[in-house]
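To start, the structure under review is shown below, and the notes come after it.
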Amino acid sequence: MRSFAIFLLVAIGIFIIDQNIKTLFLEGYYRGGSCIDLSLHFNKGVAFSMFAFIGPYLKWVQALLIGGILYYVLSKGYLKRYAFPAGLLIGGALGNLYDRFVHAGVVDYVAWHCGFNFAVFNFADVAIDLAVAWILIMVYFFPPKA
């Protein structure tokens, strides 16, 4: 029960923080810089705008993937070990999925352009990346005791 509470609090917290930051940019916030711009972009695809050609079906594919991941984590008992990173992952994923349904694309706002143009991203993306790194580190460097 404690693991589920941690998971839920982290997921809800990430979702709320993500949506509040995105609201700032949807309301016109902009900050230009020499290496990083904080400006509104809508990503119709996934990372690096891949799969944008799927169009309106992408949100349904992502909803199924999120549901599948959630089912797998809960049914296999992984939540006990990975409650916090799973919360990061699901909270970020739901934040971006919400954008697809409400704004027809993910609201991105951090644009790196120092020396080269990097993908534009958001807080939810960072939460997802942190979750994946955290889980990989735990799996490979701190495997569960048999």
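Keep in mind that glycine also has a Cβ here, set from the backbone N, Cα and C atoms.
As written in Swiss-Prot, here are the features:
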type: ACT_SITE; residues: ASP108; note: active site
type: ACT_SITE; residues: ASP125; note: active site
type: TRANSMEM; residues: 6-26; note: transmembrane segment
type: TRANSMEM; residues: 50-70; note: transmembrane segment
type: TRANSMEM; residues: 82-104; note: transmembrane segment
type: TRANSMEM; residues: 123-143; note: transmembrane segment
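Outside the transmembrane segment (6-26) by six or more residues, the chain places 38-40, 79, 83-84, 86-88, 90-92, 94-96, 98-99, 103, 107, 109, 122-124, 127 with a CB less than 8 A from a CB of the stretch.
Using a Cβ-Cβ cut-off under 8 Å and counting only residues 6 or more beyond its ends in the same chain, the transmembrane segment (50-70) has close neighbours at 43-44, 89-90, 93-94, 96-97, 100-101, 104.
Around the Cβ of ASP108 (active site), a 10 Å sphere holds 23 further Cβ atoms from the protein chains shown.
Tertiary proximity for the transmembrane segment (82-104) is limited to same-chain residues at least six positions away from its ends with a CB under 8 Å from its CB atoms, namely 3-4, 6-15, 18-19, 22, 26, 42, 44, 56, 58-59, 62-63, 66, 69-70, 73, 122-128, 130-132, 134-135, 138. Nonlocal intrachain contacts for the transmembrane segment (123-143), taken as residues 6+ away from its ends with a CB within less than 8 angstroms of a stretch CB, comprise 14, 17-18, 21-22, 47, 81-82, 84-89, 91-93, 95-96, 106, 108. For the pair ASP108 (active site) and ASP125 (active site), the C-alpha distance works out to 9 angstrom.
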